[in-house]
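Q: According to TrEMBL, the domain 'Amino acid transporter transmembrane' annotation covers 38-472. Per TrEMBL, the feature transmembrane segment maps to 41-63, 75-94, 129-150, 194-215, 284-303, 323-344, 389-409, 415-435, 447-473.
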Amino acid sequence: MGETAAGKHQQGFELAAGGFAPQGPSKCFDDDGRLKRSGTVWTASAHIITAVIGSGVLSLAWATAQLGWVAGPTVLFLFSFVTYYTSCLLAACYRSGDPVTGKRNYTYMEAVQNNLGGFQVKLCGLIQYFNLIGVAIGYTIAASISMIAIKRSSCFHEKGHENPCGVSGTPYMVMFGVVEILFSQIPDFDQISWLSMLAAVMSFTYSSIGLGLGVSKVAENKKIKGSLTGISIGKVTQTQKIWRSFQALGAIAFAYSYSLILIEIQDTIKSPPAEHKTMKRATLISVVTTTVFYMFCGCFGYAAFGDMAPGNLLTGFGFYNPYWLLDIANAAIVIHLVGAYQVYCQPLFAFVESTAAGYFPESKFINNTIDIPIPMGGYKPYKLNLFRLIWRSLFVCFTTIVALLMPFFNDVVGILGAFGFWPLTVYFPVEMYIVQKKIPKWSTRWVSLQILSAACLIISVCAAAGSFAGVVLDLKIYKPFKTMY
């Protein structure tokens, strides 16, 4: 799930100086009166790659191990194809009506509103915000696991690999929560452009280290581990094998989920050529790049560890040395997730705050800001809003407590992937495309799109069932707040 504030920087500026809003495109403005967009196929590809390659990549070796050498790469390829195809459908819905001159939709929700309307918008909003809360919980778990891995790797280095080096996860999750409470008070934090750049550099750093260590491990073993059908019955029971295979589908779906920000990225692209044409090329470039990278990470991880591939490639201690390199990779994960958490949560914060202001326009608690002077560096005074302070802090506390109660990285990633994949990546884009292109019911095109949607729904349901089964099994042996790694 990737992770970037991609399209949000292009908030644009309405111009109505002296009552004249520009009509049609001019040198400085686009047809909607906003400043000329300057995005190209390459900037859009970069945004998508940044958004897609995130912490999901770390569980791919584990997912491949559940499915084996035949099904693993096949499933990865199928997911990439579906993601590419539905992203092209979604790109065609950026403008309502005519694909070149129609009214622009600035967000995913707006596209659903203008194409489907009514109940579907509420449903889309619910799924979207539920997904964002889930991502916040997942990131809290992932960041704390990486902090623990840094602590344990230095312990292994000093005391030897036989030492259990048990570390409690609780203080690290609380620490991550405290940092996020501080960052969440910065308004529009997700629009800080260097944050996107930093996230991109960090995610490539740790993904590449994971890949490099996998390659070196295969070279060291002098053989490729793993089997055609995945983890063998005996190491796990027949039932576990089925649940784990389903959960692996969820993990792979999570690694590809970025449709939520696709329209916002498209809103940064200049035209002509028509935005949807540029976006299709950008989607192809980024999905091919990502899939090749994922194939390498998943396959080399599986080749290195076989059935014993860890749930998180960099923290499962398949690798002990060079320990400093592991520490760099895990530090990069933590830095990336601190920023990514905000990128995902700020739209939710903004939604709740604007809704509250709409319901209680008279409330001083919700609407008034207090200016707090910042003594250093000549900054403008910080505008403190009490409602923002209390609500955002409570939200971060809530996600941290849930993460403490069920700190299972693979299960949470599987649930998120399953829950978000079908509605957001397949169902809404397909339905909007049918409305946009006025495809008649029961025509061949309509039937084939519905078959695609139904097949993806079945995959999502299986993945969700597998991940929930994983949580139930983990909870049997787990005591709250006493997680030891």
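Cβ atoms here come from the backbone N, Cα and C positions, even for glycine.
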Q: Near the transmembrane segment (284-303), which residues from the same chain, at least 6 beyond its ends, have a CB less than 8 A from one of its CBs?
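A: Residues 41, 44-45, 48-49, 52-53, 57, 60-65, 69, 72-73, 76-77, 80, 83-84, 87, 207, 210-211, 214-215, 217-218, 224-226, 255-256, 309, 313, 318 contact the transmembrane segment (284-303) from elsewhere in the chain.
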Q: Checking distant contacts: for the transmembrane segment (415-435), what same-chain residues at least six beyond its ends satisfy Cβ-Cβ under 8 A?
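A: Hits for the transmembrane segment (415-435): 1, 56, 82-83, 86-87, 89-90, 92-93, 108, 111-112, 115-116, 120, 123-124, 127-128, 130-131, 134-135, 138, 249-257, 259-260, 446, 449-450, 452-453, 456-457, 459-461, 463-464, 467-468, 471.
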Q: Quickly jot the same-chain residues contacting the transmembrane segment (129-150) by Cβ under 8 Å, restricted to those at least six beyond its ends, or write none.
A: 1, 55, 58, 167, 169, 172-173, 175-177, 180, 260, 312, 314-315, 317, 326-327, 330-331, 333-334, 337-338, 340-341, 344-345, 347-348, 351, 395-396, 399-400, 402-403, 407-409, 412-413, 415-416, 419-420, 424, 485
